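The structure's right below; bear with me while I get my questions together.
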Amino acid sequence: ARGCTDVFCCILFILAILGYFAVGILGDPRKVIYPTDSRGQFCGQAGTPWSKKKPLLFYFNILKCASPLTLLEFQCPTTQLCVESCPTKHMTLLKAYLNKGEQEYYKQFCKEGVDFSKMSAPEILRDGLCPSMLMSSKPFTRRCLPALSTMKGGVVVVGNETIFDNGEGEKVNATDFLDASKKSNVVVEARQVAMRIFEDYTVSWYWILIGLVIAMVVSLIFIVLLRYLAGIMIWVMIVMVILVIGYGIFHCAMEYRSLKGEPGSDVTIRDLGLQTDFSVYLQIRQTWLAFMIILSIVEVVVILLLIFLRKRVLIAIALIKEASRAVGHVMSSLFYPLLTFALLALVIAYWAITAVFLSTSNEQVYKVFNTTECNYSRDTCNPETFNTTNITARCPDAECLFAFYGGETYYHKYLILFQFYNVFLFFWCANFVTALGQVTLAGAFASYYWAFKKPDDIPANPICSSLGRALRYHTGSLAFGSLILSLVQVIRVLLEYLDQKLKDVIISCFCLKCCFWCLEKFIKFLNRNAYIMVAIYGKSFCTSARDAFFLLMRNIIRVAVLDKVTDFLLFLGKLLIVGIVGICSFFFFSGRIKAVEQTAPSLNYYWVPILTVVVGSYLIAHGFFSVYAMCVDTLFLCFLEDLERNDGTAERPYFMSQNLLTILKKSNEDQAKTVD
């Protein structure tokens, strides 16, 4: 007989979700996607004065900008104009003014209404109608940035020129543009790496999908075999992990040995520095030596753990066998992580969309920009009435330009609170989805354990029944537990922010971060067991958390041995699956297998698909084994409850399997009489 639990938290969660929907409808995402000119108009957006024919943003004087990265977020104190294409050659206004053949080309980078026949070059520059010069530029993130490059010998050039006239009678060196945009080289190199990675994905995506499908098939085969051959599979798994790591050590040793005497192989990683071509690191011996040392340490640690825990492994095998039977009777549980993944993807997508909408819900703010000292600098202005004010008289070079998106209303002043609300609701919703999955699986596996005659007494569709119970009766309890965890996670985020801002109190922040990290781990552990008790008995969250905590404390030795050893064995299973798929993908994509050398795609970085397959394989294996881990934890709590509540008599018989009864040397009276 169940009733609704933690109703207040349920109502609070529903109201928070409704508020979350209201917050997410504000804003205009075009402000993030498209650049904005000096009048706050979108470049390359239909329905604006500057249509799709002018999708790029051009800066009159790029030297006034600190760096291209700053241009992506803030406005430069120079006129910005929407243009059809970036300039491809160096030219000064005076040169274009004297050469009528170049005037039309130059005018496309000037403001509307410029007439070279009616105005002199000084007048055009005085009124800020045209830039003093053009330079060879390339579009980057819809903005025209200098086409910086480095020739042999380290000479910086812009459009194959090193020194040129800036249109004001001064000679400008190309290195000045490099200083003005000092981070541009890093951006360009990062972009080149990103483009190469993107190219690798375009030619290898189907092979990556095949690798992920193989990982899924291997995981399913492993689980099916684990159901029937749990003991043998676990020992085979342990041996295979040791052999896989051993092969890794052998391979690194062979590579280290083969590079002996090779030119440049003795260069250290520190001397090599950061390189965009990561395959260079594989050509030096120190890299393979580091890999070999790391793998050797892992191998020794694994072997020592197995030696000291060999007796506990036998107990863990019995628990996994029981979990294998439970999963075998509730096969639909293996596919429940797909629902959790879909819901988490929805939560992440809504959080990202809401963040974009909030960041674009501001209004256009115009500021006074000038190159000389002026009392009105950075003051708010109105572009429509700016020329009628006395600012232009006192500051002749002042301009009223679009600065950023903001506002002076209460909404704009407290917009940061809405962003914080978005982050907090993201954590709350994500934790709620995870909690829902844990309660659903716990309820299904608990129905298996408390069925006296298995599988006859197991209810039909246990996953659907458990999901229905969780949503109907325990939404408030799930919201309560996830709320507590979300508060701790938000505090951790704030501490990370303060740690970056307050460098003088690093020790204090570090201690607080460690404390809250431990607190988060403890709350996750407590919540997980509390949700199991909620699924079993249908009590409120606090009552379930208290009962689970004291139940585990009364059996702390069994918790430390059985539960953690089982988690370790399941982790070894993930490691084995990832190792098998990772090694196969390494030999395939690196062209080490001669039979499929022609089939393998040609890649810039062969580690890109390998890393993708390895990470994807781990996530797939983690999804399948998380069901197993939840099954083991649920059966473990049920097992402890069974021991405390029952004594094997006819009135209170044990519900555990015969295998567990044999290990504990216990029996039910009816079974004992049958044996007699």
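Placement of Cβ uses the backbone N, Cα and C atoms for every residue, glycine included.
I grabbed these lines from TrEMBL:
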type: TRANSMEM; residues: 7-27; note: transmembrane segment
type: TRANSMEM; residues: 205-225; note: transmembrane segment
type: TRANSMEM; residues: 232-250; note: transmembrane segment
type: TRANSMEM; residues: 288-309; note: transmembrane segment
type: TRANSMEM; residues: 330-353; note: transmembrane segment
type: TRANSMEM; residues: 425-452; note: transmembrane segment
type: TRANSMEM; residues: 568-591; note: transmembrane segment
type: TRANSMEM; residues: 603-625; note: transmembrane segment
Output the single range from 205-225, 330-353, 425-452 maximising the number of Cβ pairs under 8 Å to the transmembrane segment (568-591).
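Of the candidates 205-225, 330-353, 425-452, 205-225 scores highest.
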Residues sitting near the transmembrane segment (232-250): Cβ under 8 Å, six or more positions beyond its termini, same chain?
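The answer is 222, 225-226, 291-292, 295-296, 298-299, 302-303, 306, 313, 316-317, 320, 569, 572-573, 575-576, 579-580, 583.
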Which listed stretch (7-27, 205-225, 425-452) has the most C-beta pairs under 8 A with the transmembrane segment (330-353)?
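Most Cβ pairs under 8 Å with the transmembrane segment (330-353) come from 425-452.
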By Cβ distance under 8 Å, which residues at least 6 away from the ends of the transmembrane segment (205-225) in the same chain are close to it?
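The answer is 233, 324, 327, 334, 573, 576-578, 580-581, 584-585, 588-589, 600-601, 609, 612-613, 616-617, 620-621, 624-625, 628.
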